[in-house]
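Encoded as structure tokens, the structure appears first; notes follow it.
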């Protein structure tokens, strides 16, 4: 009697696996570059399930998206290079301008004044419309008020004030000054201040050229007028 023996063979399902190639290295910050992306895409295609292949439209969408990102990255790098070049050109022009201004009389937006003991120093301030009275205050480098001078009645416009009696009690050096104005009320406002004189020297720094005017150093880009 024949006996039929039925043996059930083990069922083996083909699984889709994705392995990264050994040479796949990420860029700065763990981001994939163009070459790494293509390596990974090829690895996915090699290891795809033949019974369930990758969707070609999905693959095309991934390629298009990566291409857009790559183009944006290249544009950003180009703009960054142009910006660096423009900054260098601006610095060169500023340096040349500062050298050409040596010996010329200028007005500079600043709030410093150099006083020689016993000698008057002149300061400039733009008095705003409506102001009727002004007071000049002088401060040491640590912010301490060291002198105050009543400037009396004033009118709107740019005025030169002499640090006369205030400077007599001060040792020679560089001080900060503020011109406070008011319109007959208890509220005071600091007027925009300036320094005038001849540029007698230039110093170049990482932030741009610095010019010396009567012992006071100010950025060349603070020059508002060249008067002669």
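The backbone N, Cα and C atoms fix where each Cβ goes, glycine too.
Curation plays no part in TrEMBL annotations; they are all automatic predictions.
Within the set 1-30, 31-60, the record from TrEMBL flags 1-30 under the feature region 'Disordered'. Sorting the domain 'FlgD Tudor-like' (98-224) by DSSP state (H, G, I as helix; E, B as strand; all else coil) yields 10 helix, 77 strand, 40 coil.
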